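What follows is a single structure, and I will ask about it in a moment.
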C-alpha cells in the first residue's frame, strides 16, 4: 500500500469517536508528564501497559503515541519556565528558552516551541508515512542473519555512539542484556540466570525495570543531595508571536525539522545530537542584528530550531520501530513490548498484516499534532499550574504510581524488592553517569537478537561465517564496526597528524 | 588531567566486574539442554558475561587513571549526601514493603507517601496523609476497575467497597 492510499484508509478509521478519544487522552496525559519534572513518556507508557488487556491494539497505540508526542510538547514548557529540562531532548531548548523567559519573553518562547513542535511533528509524520513503506520494501528481503547484524548496529549506536562514553554506554547495554536473559529459554526450556529462584522463571518484567530506573532511581537520586526550597516558575506573559518573531522562527523550524527527522530514523536514534546541531546551525545562521541575543537575553531562533529538531527526531524514531521492529529509544522499546503483549511482531510484515492498525496510527499522529497545539497554546495556563505542584508531593505521588504499577504485575513482594534493588542500581548509574536508556533497549532487543542469531545459525547449519558471507549482513556489520571504532580512530588520526605537525614545526 | 585514582569510580568499576563474574557463574549452571540446537542456551549468557567482565576491567582501568565522574558537572558540583532525605525515602520504601500484604495497597502507599514527602522537605505530615489517602484510593480504583489490573482489596479498599455496596474480592 502506498502512502496516499494508506493515509486515506488511516484517516477514515482515525476519525471514529473512540480513536479521537484515545488520541486526546494520550495528548493530555503526555503533555502533563512532559511538563512534570521527574516523569517521562517511557515511564508513563510502562505504567499504562495493563491497558493492553482491555483495549484494542489500535486504541492502545494511539494512546501511547499521543503520550509520546505530548511529552515532547510538554517538555519544552518545563525547560522554558523552570530552566530544568525534563528530558535530554529539551536541554538545548532550556538554554535559550529560559533566558528569554527571564527577560520577560516566555510567551514568544512557548509559542515558537509549540508551533515549531507542530511543524516538525507534521513533517516527521509525513516522513513516517512516505518513508515507512520504502523501508518495508527494503526490509522484506532481510533474513535472520541481516536482522541480527542490524540489531548489533542498533546496540552499538544506542550505547556507544550516543552519550558521553562508549565504555559506560556499553556497560548499561550489557546490564540490560543480562536482565533480558533471565528466565526460561524459549528454545530449549532451560532456566537461565535465575539463581534458582522460581519467581524469576518468567523473566524480569520490563515494566518493573522501567519503573525502577525512571521513577525509583530518579527519586533516590533527587534525595541524595536534596536541598529544601521552592522552585521558581517564571511568569508566562503574553502568548504571542509578533511578525518579527514569526519571521525569525520560520526557517529555524524548517531546518530543525529537516535535521531532526533523519537522526531519528537512523538507528542512531536519540534527540541530543540533532538538537545540538540545530542550535549551532541557528547560532551561525542568525541575522547579525540578533546575534548578540544568543546566550544573553535569549534568541528565539535557538528555541525554534532545536525544539523542531527534537520533535522531528521523536517522530523519526517511530520509523525503525514500526518497519523493522527496532527500538532506538527507551520509549520505543516499551512500545515494542506492548506490541509483543498483543502477539504482534513489529517488523516489515506489520505494514501488510496490520495495515489498518499502522495507517490508523499514522493518521492519528497528524490528529494528535493538531490537538497538541491547541492543548499547549491556549491551555498553557493549566500546565503552568501543574508545574506548581510542590516537589515533596510530586515525588511522593510518582512513587505511589510506581508501587501500583509494579505490584499490579503479579501481587508479589518479590517484585517490589526487585524494583527497589534495580532502583538503587539505577541511582548509582545516574550518579556515575551511566545512561539508562540502553538498559531498556538491551533488555527488549537482546532476546530478539538471540532468536535471530539462532535462526540464522540453524539456516546456515552452524556456519558462523554466514554473517560475513551474506553481503547485506557484512555491510551492516562494517557500519557497526565503523560506528564503534570510527570516532576513536579519527581522534587518534587527528592527534597523530597534530603531533606530526608540531614535530615538523619544532624541527 | 589528574592521574590519581578515583575511589568511587574504582568501586563502580569493580561492581560491574563483579556482575560479569556473577554472569559467568550463572551461565555455567545452566543445565545442558537435551534438545539439539545449533546455538545452545549457554552461548549467549557466556558472551554477555564476558562482555560485562571486559567492560568492568575497562572501567576499573579508567578509574585507576583518574576516573570519569569528576568530569561530570552534575556529580562534581553535587553536595554531600542528604542523610535525612535518603533515610526517610528508604524508610518509606521499607514501610510500603512491610505493609502492603497485611494492610493492602492504599494504607501501605499512603504511609510511603507521607514519608517520601517528608524526605523532600514537607513539614505537615497530617496534610500529606489527607492528600495520600484519597489519592491512593483513586489510583487503586483507576488501576483495578479502569485498567483491569488484579490487585487484591486491602483493609481500606474493602471498607470503601462495602460502603459502595459491593462485595470485595
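The backbone N, Cα and C atoms fix where each Cβ goes, glycine too.
Look at TrEMBL and you will find A:20-441 tagged as domain 'DUF112'. Taken from TrEMBL, the feature transmembrane segment covers A:20-49, A:61-82, A:118-140, A:147-164, A:170-188, A:200-224, A:312-336, A:357-383, A:395-420, A:473-491.
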Is it true that the transmembrane segment (A:312-336) and the transmembrane segment (A:20-49) have 3 or more CB pairs under 8 Å, sequence gap of 6 or more?
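Result for the transmembrane segment (A:312-336) with the transmembrane segment (A:20-49) is yes.
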Any chance you could find the range in A:118-140, A:147-164, A:200-224, A:395-420, A:473-491 with the most Cβ pairs under 8 Å to the transmembrane segment (A:20-49)?
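Most contacts with the transmembrane segment (A:20-49): A:200-224.
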Is the transmembrane segment (A:170-188) close to the transmembrane segment (A:200-224), in the sense of at least 3 CB pairs under 8 angstroms with a sequence gap of 6 or more?
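As far as Cβ distances go (cut-off 8 Å, pairs 6 or more apart), the transmembrane segment (A:200-224) and the transmembrane segment (A:170-188) touch.
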Excluding the flanking five residues on each side, which residues at least 6 beyond the ends of the transmembrane segment (A:61-82) place their CB within less than 8 Å of a CB in that stretch?
14, 19, 22-37, 40-41, 44-45, 48, 51, 55, 89-91, 93-94, 97-98, 100-101, 106, 109-110, 113-114, 117, 121, 231-234, 236, 303, 307, 310-311, 314-315, 318, 331, 335, 338, 357, 360-361, 364-365, 368-369, 371-372, 375-376, 380, 383-384, 387
Please identify the stretch among A:147-164, A:170-188, A:357-383, A:395-420 with the greatest number of Cβ pairs below 8 Å relative to the transmembrane segment (A:473-491).
A:147-164
Which sequence-distant residues neighbour the transmembrane segment (A:147-164)? Criterion: at least 6 residues beyond either end, Cβ under 8 Å.
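Here the qualifying positions are 170, 172-173, 266-270, 272-273, 320, 324, 326, 328-329, 433, 435, 437-438, 441-442, 445, 448-449, 452-453, 456, 467, 472-474, 476-477, 479-480, 483-484, 487.
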Which bits of the chain, at least 6 residues beyond where the transmembrane segment (A:395-420) starts or stops, bring a Cβ under 8 A of a Cβ in it?
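Long-range Cβ neighbours of the transmembrane segment (A:395-420): 38-39, 46-47, 50, 197, 199, 204-205, 207-208, 211-212, 215-216, 218-219, 222, 389.
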Determine which residues of the chain contact the transmembrane segment (A:170-188) at the Cβ level, with the cut-off under 8 Å and only residues 6 or more beyond its ends counted.
155, 158-160, 194, 200-204, 209, 425, 429, 434-447, 451, 454
Looking only at the domain 'DUF112' (A:20-441), report the model's average pLDDT.
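On average, pLDDT over the domain 'DUF112' (A:20-441) sits at 90.
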